[in-house]
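I have placed the structure first, in the form of structure tokens, so that the comments after it can refer back to it.
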Amino acid sequence: MAATSVAIKPRLVLPPKTSTRCGDHALLLFWPGRNPNGNEIPQRMRVKAQAEKHDSSSSSSSTTSIDFSDPDWKSKYQRDFEARFNIPHITDVVSEAVSYPSTFCLKMRTPVSVGLLERYSDEEWHGYIYNNDRVLLKVIHYSSPTSAGAECVDPDCTWVEQWVHRAGPREKIYFKPEEVKAAIVTCGGLCPGLNNVIRQIVITLEIYGVKKIVGIPFGYRGFADKDLAEIPLSRKVVQNIHLSGGSLLGVSRGGPKVSEIVDSMEERGINMLFVLGGNGTHAGANAIHEECRKRRLKIAVVGVPKTIDNDILLMDKTFGFDTAVEEAQRAINSAYIEAHSAYHGIGIVKLMGRSSGFIAMQSSLASGQIDICLIPEVPFNLHGPHGVLSHLKYLLETKGFAVVCVAEGAGQNFLEKTNATDASGNIVLGDIGVHIQQEIKKNFKEIGFPADVKYIDPTYMIRACRANASDRILCTVHGAFAGYSGITVGICNTHYVYFPIPEVISQPRLLDPNSRMWHRCLTSTGQPDFF
């Protein structure tokens, strides 16, 4: 197939609908029988790939076909991209909203007073971000669609710039600090770093001059449950909460209707809402934002991406991920010691990762002790001459022991589907760790080969631990004061940026099996393809 042919007209999908990594984002090509990287897909994998492509395209409202024979296709693509990544502002629906000089200045790190707006230093401060500042999404210029991890716009891998909004304090703000009542809510499951983010939000709000800051207890539920009172927050309250794991505010899944949440916000006088959570929580935050726009309310809703799985689109990583990888080392090392110390020992560690195998991959690579890493994105067989069990037997015969790391979402095709969902609407997964443990014991017993199997599931230990240094640095307040709403803040190419929420919640971010990082993991484990 000629790489420069325009008559084929492959379907293209704008990121982030199918893209999986920040820094490499571009329009993806779907050639018949090829994966998004342009590489040949083995026939045995195409059924799975086609199903995934159908699921992705059915939920995407931004799927756009581009005719490369049009000499202006590049400009059209860039205009479409810019329109999609334009971030909502309160002036879009509240035209009478006015701006004020910012009250945030690091030269004024003293307690603030009611008359703060009149107490500026005359000395110019150069710490503000301009509204037209942008961060580049794609930093690699791939020369060929078959380059490892390549995500190309067209068959020739033409370089196309894609810019998103840089995050940080603006010189003009759209809320008077003395009129702000800010609320913080943590939803979903626990994650290392929740208290760090709560603390940083409160401290930054106080620097702006905000006096009324509250926490909504136990997720969205706290907006409707009359028995759950707001938690007053201040620097004094949050000063040392980062030294503990969990969430000062508590967490829960699900919650009341969006209209009830906005009704509650109006009754309480909340005009800034900071929502900490994953994809489902962000979907709720975006619905709240849209309801506020529908009612023409001057309320800023800002999301903070919280997920151990690191499965939110477009971002380098989410807070809690580094801590999870670090804590997983303890479990892996324990499994290694158990396996190494036993006759024909096999250690199994199940880590988090419903749809994405980032924790399993990164932890396996970091430990250097894993022989087999199984993730949701890469299909595998347990039985057969090329299956996991056959390779385990080989490892026991050659080195005497083996260690397996498996993501919780891997191998779900081996388990009975229940169609049950949790309060957040997530499908309840079968326990692949227990299944693999049982299959290993059964298989080696049947062939008369002794094996000592140990299984470790550190999930809740990892979720509840305190954040490490890397996961303690994040701030989200500036976007709200600048008047932006319906946005989330994250790190992209090492810079903090704002994304419109719909662009990061369309589907989970997936690990690319053709990425250099997965190749490094395979080099470390030495495992074959299990199919």
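Every residue gets a Cβ built from N, Cα and C, even glycine.
Among the features that TrEMBL reports, region 'Disordered' is placed at 46-69. Per TrEMBL, domain 'Phosphofructokinase' is recorded for 182-481. For GLY189, ARG253, GLY254, GLY278, ASN279, GLY280, THR281, the entry in TrEMBL reads ATP binding site. Residues or ranges marked as Mg(2+) binding site by TrEMBL: ASN279. Here TrEMBL flags THR307, ILE308, ASP309, MET352, GLY353, ARG354, GLU408, TYR460, MET461, ILE462, ARG463 as substrate binding site. Per TrEMBL, the feature active site, proton acceptor maps to ASP309.
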>> What whole-number Å value do you get for the CA-CA distance of GLY280 (ATP binding site) and THR307 (substrate binding site)?
In response: 11
>> Measuring Cα to Cα across GLY189, ARG253, GLY254, GLY278, ASN279, GLY280, THR281, which the record gives as the ATP binders, how far apart are the two most distant ones in Å?
In response: 13
> For the binding-site residues GLY254, GLY280, GLY353, which one has its C-beta crowded by the most other C-beta atoms within 10 angstroms?
Replying inline: GLY353
> From the Cα of GLY189 (ATP binding site) across to the Cα of ASP309 (substrate binding site), what is the distance in angstrom?
Replying inline: 11
> Should any of the binding-site residues GLY353, GLU408, MET461, ARG463 have a Cα within 10 Å of the Cα of GLY189 (ATP binding site), which are they?
Replying inline: ARG463
> When the Cα-Cα distance from ARG253 (ATP binding site) is computed for each of the binding-site residues THR307, GLY353, GLU408, MET461, which gives the smallest value?
Replying inline: THR307
>> Spatial neighbours of ASN279 (ATP binding site) among the binding-site residues GLY353, GLU408, MET461, ARG463, defined as Cα within 10 A: which are they?
In response: none
>> Is it possible to get the count of other C-beta atoms within 10 angstroms of the C-beta of THR281 (ATP binding site)?
In response: 27
> When you measure from the Cβ of ARG463 (substrate binding site), which residues in the chain that are at least 6 apart have a Cβ under 8 Å away?
Replying inline: GLY189, LEU190, CYS191, PRO192, ILE308, MET352
> On the Cα atoms of THR307, ILE308, ASP309, MET352, GLY353, ARG354, GLU408, TYR460, MET461, ILE462, ARG463, which are listed as binding substrate, what is the maximum pairwise distance in Å?
Replying inline: 17
